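Enquirer: Pulled the feature table from TrEMBL, pasting it below:
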TRANSMEM  B:39-63  transmembrane segment
DOMAIN    B:93-309  domain 'ABC transmembrane type-1'
TRANSMEM  B:97-118  transmembrane segment
TRANSMEM  B:130-149  transmembrane segment
TRANSMEM  B:180-201  transmembrane segment
TRANSMEM  B:226-245  transmembrane segment
TRANSMEM  B:288-309  transmembrane segment
Amino acid sequence: MNRRLIRRTAAMGLAGALALGLAACGGPTGGASTGDGRELTYWSMWKEGEPQQKALSAAIEDFTAETGIEVDVQWQGRDVLKKLQPTLHGVPAADLVDRSLPQVKSMMVSTGTAADLTGVLKEPIPGEPGRTVGDVVPAKYLELGRAEGKQVVLPYAIVANGLWYDGASFPGLREKPPKDWDAFRATLAAEKKAGRAPLALDADIPDYGAYWYSNFVVGAMGPGSLHEAAADRTGTVWKQPGYVRAAERVAALAEDGYFADGYDASKFPAIQQKWATGKAGFLLMGSWIAGETKPYAASGFDFRMLPFPTDGAPGAGTPVEAATFGWVVPAKARQSEAARRFIAFLYGKKQMQAYADQAQGIVAREDIETAPAMADVARALKEGTPYPTFDGVDMDFAEWWTKTFHPLSTKLVTGKISAADFSEQLAAQSADFWKRAG
Amino acid sequence: MTTAVPDAARATAPTRRRTAGRAAVGPFAAHRKRLYLPFVLPAFLLYAAFLLAPVVATAWISLHAWAGAGPMEWVGAENYTRMFLDPVFRTSFGNTLLLLFGGGTVTFLLSFVLTMLLRDLAGRSTARSVIFFPNIVPALVISILWGFLFQADGLLNSALRSIGIAHPPAWLAEENQFKVIMLGIIWMSTGYYTTIIMAAVDRIPPYLYEDCALAGANAWQRFRHVTLPLSWDVIGICAVLWTINAMKTFEFILAMAGSASSMPSTSTWTASLYAYTSVFAPTGVPQYGIAAASAVVTLALVGVLVVLIRRLMRREALEF
C-alpha cells in the first residue's frame with residue numbers, strides 16, 4: 001500500500017473533521033423574516049393523551065375555526081426546550097412554546113432568545129369587549145413569569161406547593177387551619193402519638209427533600225430570604241440565626257421520626273403511594289399531586305391542601321411556593337404575530353374554563369371555577385403571597401443547587417447530619433463553590 | 001498440541017506483503033491503486049463526519065464556555081481546572097474508577113467461576129442462556145426492577161423480615177445506593193462475559209483436560225495451566241470491552257436513582273452522568289464546555305487504559 005496515499009487520506013479526513021467540527025459549533029445566525037400570520041407552529045410541553053393536551057387540542061380547533069389561522073402543533077413533552085434550543089439562533093422551529101420559568105430562564109433568557117411578551121397584555125380578549133389579557137391575569141401570577149425585567153413567560157396555569165392531606169382524616173383542619181408552625185406541629189405530634197406516620201417524603205428525589213428547608217426559611221423570613229442567602233458568595237448568611245433555626249426545624253422532624261418509615265431508602269414514588277393509601281398524614285408537594293396520585297389513592301380520598309404554616313414570616317399573606325406553566329415566544333419566531341393572537345384567544349373565559357375542567361388544575365384567571373381538589377389551592381393563591389419555587393434559587397444558582405445544596409439538604413432531612421453541621425458545611429462549601437465558579 | 005508462534009515470525013508477514021506491493025508495477029496493481037481512493041473515501045468521509053468530527057468538536061467545545069446556542073467564549077483550560085477542583089467531579093470520577101476496577105474484579109472472578117462450573121455441567125447451553133438473559137433485558141427495565149427489589153419495603157427486605165431480621169439494611173439509603181448500583185451492573189455483566197469466555201473455553205480440546213485428570217490436577221491447576229493460557233486473548237478482549245462499558249455506565253444509574261424530572265443524587269454520579277447533568281439538568285444554563293471536558297477526560301482515560309491492557313496482556317499467541 002502506498003504510504004503517501006494513506007497519509008494524504010488521513011490528513012484529508014482530519015481536515016474534514018476539523019471543518020465539520022467547527023461548522024457544528026457555529027450554526028446559522030441569519031435573522032428571521034416575518035410570516036404571513038395565517039399559520040403558526042406550536043411545540044407543546046404536554047404529551048399526547050395528557051388532560052392538558054386534550055384541553056389545548058380542543059382550544060386549537062376553536063381558534064382555527066374562528067380566525068382561520070392554522071396551528072401546526074407538535075406534542076413534544078417536557079423536553080420541548082431542549083429540542084427547540086438548537087434552532088433558536090436561526091429560524092426557530094416553533095413560533096410558540098410553553099414551559100415554566102426555570103427552564104425558560106436557563107435555555108432562552110440566558111441566550112437572549114425569549115421575546116418580551118409585555119405587549120400581549122394589551123391585546124384584547126376575543127369575545128370579551130373592553131378586556132385585555134392584562135386585565136384578567138393577576139399581577140402576582142405575571143410576576144412568576146418575569147426575568148430580567150421582561151415578561152418571558154405568560155402564565156396560563158399555576159401550581160402551588162403545600163401540605164396535602166386527606167380531608168376525611170383531618171376533619172376541621174380546613175375550617176380552622178393552624179395559625180403557625182408551632183400550632184401545626186401539635187397536630188403532627190398527636191399523629192405520631194397515635195402511632196401513625198405524620199409526614200410522607202420520597203427523599204431520593206433531592207428537590208422533594210429540599211422543599212422542607214426552603215419552606216422553613218421562607219416561612220420564617222419571607223420570600224426572597226432563601227435567594228438572598230444563596231446569592232451570598234461568602235456563604236456566611238447560612239450561619240445567621242434564622243437560617244440555622246430553619247435547619248433545626250427540619251432536623252427535628254427527622255430526629256423525632258415524623259417521616260414515614262423507609263423514606264430515606266426508597267424509590268420514588270413508594271412513599272407518595274403510602275401517603276395516597278392513607279399510611280402517612282401530610283405530603284409537602286405541588287398541586288399536580290392530586291392528579292398524579294388519583295389512580296392509586298384510597299377510594300374517597302378527599303384531596304386537601306394546607307398552605308405551609310408561617311413560622312414568623314413578615315407581611316400579611318402566607319407565602320405560597322408556586323410555579324406557572326406559560327406561553328413563550330422565541331425572539332426570532334417568524335409567526336410571532338399569529339402566536340400573540342393565539343395567546344390572547346386562549347385567555348378567553350370559555351377557553352380557560354374548559355382547560356381548568358379538563359386538566360383539573362388552576363388557571364391564570366381568578367374568575368374561573370376550579371375543581372374540588374383544587375379549591376384549597378385556589379384559596380391559598382388568592383389569599384397568600386405566591387413566590388417562585390425554592391425562591392428561584394434552583395434556576396438562578398442551578399449548579400450550586402445541585403452540587404452543593406442538594407447533598408447537604410438530603411443529609412439534613414434524612415437525619416444524617418445535625419442542623420449545626422448542615423449550616424456550617426453549607427456556609428463553607430458555598431464559599432468554596434463560588435471561589436471555584438469565579 | 002499447542003505451538004508458540006513467535007512475534008517475529010508474525011511480524012514478517014505484513015512486511016513481505018508491503019514490499020511486494022511497492023515493487024509491483026503491473027496493470028493490475030496500478031488499477032488497484034487507482035481504485036483505492038474511490039473505495040476508501042466514502043467510508044472515510046462517513047467516519048470523519050460521524051466519529052472524528054464530533055470528537056474534534058468535543059475537544060474544541062471543552063475549551064469554551066458555551067450554553068449550547070449563541071456565542072462561544074474561549075476559556076482555555078479553565079473548564080478542566082474547574083472540573084478537577086469540583087468535589088462532585090472527584091466523587092463521580094472515583095465512582096467510575098471504583099466500578100471499573102472493583103466491579104471489574106468481581107465480574108471477572110464470577111465469570112471465571114461460572115465458566116469452570118458450567119464447563120462440565122449437563123445442559124450447559126440452557127444454563128448459558130439463563131445467565132445471559134439479564135443482558136438481553138434493557139438496562140432501564142432492570143434498574144427500575146432493581147429499585148423495587150431493594151427499597152425499604154421491597155421484596156428483599158420483606159424476605160429478610162419474614163426470616164426474622166427485624167431491621168434489614170437500608171439498601172437504597174444515599175450512602176449505600178452506589179454499591180447497590182454496582183451490584184446490579186455486575187449481575188448484568190457477569191452473564192455477558194461468562195458467555196464470551198465460555199465460547200473461548202469450548203474451543204480448548206477436551207484431551208488437555210483429560211490429560212490434567214490423568215496427572216491428578218485439581219480445578220485450580222486446570223484453570224491456571226490450561227483454561228487461562230488458552231483463552232488469554234479472549235479475556236484480553238473482554239477486559240477492553242469491560243473498560244469501555246464501565247466508563248460509559250450511565251442509563252442504569254439514571255433510571256435507578258433518578259426520576260422523570262430529577263437527577264440522581266450526586267453520590268451516585270459517574271463521569272458520564274457528570275457530563276450529562278452539566279448540560280441536561282432540569283434547570284440551569286447548560287455548560288457544554290464542562291460536559292465536553294468531562295467527555296474528553298473519559299475518552300483519554302479509556303484510550304490509556306485500553307493501550308495498557310493490550311500491552312499488559314500481550315502474550316505469545318498459542319495455536320492449538
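Note: Cβ is positioned from N, Cα and C throughout, glycine not excepted.
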Enquirer: Pairs of Cβ atoms less than 8 Å apart decide it: which stretch in B:39-63, B:97-118, B:130-149, B:226-245, B:288-309 has the most with the transmembrane segment (B:180-201)?
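Expert: The stretch with the most close Cβ contacts to the transmembrane segment (B:180-201) is B:97-118.
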Enquirer: Do any residues of this chain, six or more beyond the ends of the transmembrane segment (B:39-63), have a C-beta under 8 angstroms from a C-beta of it, and if so which?
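Expert: Contacts of the transmembrane segment (B:39-63) (Cβ under 8 Å, skipping residues fewer than 6 from its ends): 72, 74-77, 79-80, 288-289, 292-293, 295-296, 299.
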Enquirer: Where among B:97-118, B:130-149, B:226-245 do we find the most Cβ pairs under 8 Å to the transmembrane segment (B:288-309)?
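Expert: Stretch with the highest Cβ contact count: B:226-245.
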Enquirer: Sequence-remote contacts (6 or more beyond its ends) of the transmembrane segment (B:226-245), Cβ cut-off under 8 Å?
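Expert: Distant Cβ neighbours of the transmembrane segment (B:226-245) are 2, 100, 104, 107-108, 111, 115-116, 189, 193, 196-197, 199-201, 203-204, 208-209, 212, 302, 305-306, 309-310, 313, 315, 317-318, 320.
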